[in-house]
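Have a look at the structure below before the remarks.
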Amino acid sequence: MVNPLSIAAMLVSTLVVFALPMILGVIFLRRWGASPLAVGVGVLGFLVPQVLIRIPALQWLNQQPFYQELAAQPWFLALFLSLTAGLFEETGRWIGYRYLLKNRLEFKNALAYGVGHGGFEAIFLVGLGYLNLIIFSFMINNGTFDSLAAPQLGLAAEEIRTQLISTPSYLYLVGGLERVFAIAVQLGLSVLVFYSVKRQEARLYWLAVLLHMLVNLPAVLLVSAGVGIVWIELWVAICAAVAVWYVIRSQRQEKQHAVLAGSAEMSQNG
């Protein structure tokens, strides 16, 4: 039987993963006047580079003997996965701003992009998977798992059952918490690449790629080293805190620039 606390934890994480992007979206769209297009482009910024290109490419590589040998080295695997994640996502972000949002290069739209990107990532990576786990958990507890789900799952059925029954309840909260941190990081990176395009500074794009890699690299290495989940999440939380600080700092600078621009215009008109 799946622990009711585990089901409750999954429900909480699922609610957070779906609700947080919606709440942030409402704030940026309605209160700040951001463009809905920016949210949509943000979704595409994860869907196309990651789901449609990088993930299938990694699946193909996993079947190649040369890659299997290289991937057996933890440092190579961690560096390769982290670097490609940064390159694909930040390039998608740059293309989105440069071509799809070129007439909407405003700070509020950078945040809306980040919500679309980070929100879709959270729902795709955690939300949908947790919904399946919740359904399987109820089926296990009411005795219908073997007759309804197991025939469709095949050999994976017993593995899923064991995972749901044996995994500590608190770990199901980690998925939701990590996505909160990840959305914060995506907001920060979205602002950074926004400035890269707006100011035509390529170095900011490469900085975003590097920072994206540095967020992922220690986490992947810690996982491969068997380090406890608390330390992994602590690292991601630190990255999220830095990203939030950067977004707030950038917002204040945008307000200051707007005030100065308004004062200059009044002086000219006066």
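Residue positions begin at 1 at the first shown residue.
A Cβ is built for glycine as well, from the same backbone N, Cα and C atoms used for every other residue.
Because TrEMBL annotations are produced automatically, they should be read as predictions rather than curated entries.
Here the structure is a predicted model, which means the values were calculated and not measured.
As annotated by TrEMBL, transmembrane segment applies to 6-29 (among others).
Here TrEMBL flags 36-58 (among others) as transmembrane segment.
What TrEMBL records for 70-89 (among others) is transmembrane segment.
Nonlocal intrachain contacts for the transmembrane segment (110-140), taken as residues 6+ away from its ends with a CB within less than 8 angstroms of a stretch CB, comprise 1-2, 6-7, 10-11, 13-14, 17-18, 20-22, 24-25, 28-29, 32, 34-36, 38-43, 45-47, 50-51, 89, 93, 96-97, 101, 148-149, 160-161, 164-165, 172, 175-176, 178-179, 182-191, 194, 247. For 110-140 (among others), the entry in TrEMBL reads transmembrane segment.
Beyond its flanks by at least six residues, the transmembrane segment (180-197) meets 16, 20-21, 24, 42, 89-90, 93-94, 97-98, 105, 107, 109-111, 113-115, 117-119, 121-122, 203-205, 207-208, 211-212, 215, 233, 236-237, 239-244, 246-247, 250 of its own chain at Cβ-Cβ distances under 8 Å. Residues or ranges marked as transmembrane segment by TrEMBL: 180-197 (among others).
Positions annotated as transmembrane segment by TrEMBL: 204-223 (among others).
According to TrEMBL, the transmembrane segment annotation covers 229-248 (among others). When Cβ-Cβ distances below 8 Å are used as the criterion, the transmembrane segment (229-248) is approached by residues 111, 171, 174, 177-178, 180-182, 184-185, 187-189, 191-192, 215, 218-219, 222-223 of the same chain, each at least six residues removed from its ends.
Outside the transmembrane segment (70-89), and at least 6 residues removed from its termini, the chain residues within Cβ reach (under 8 Å) are 45-46, 49-50, 53-54, 58, 62, 117, 189, 208-214, 216-217, 220-221, 224-225.
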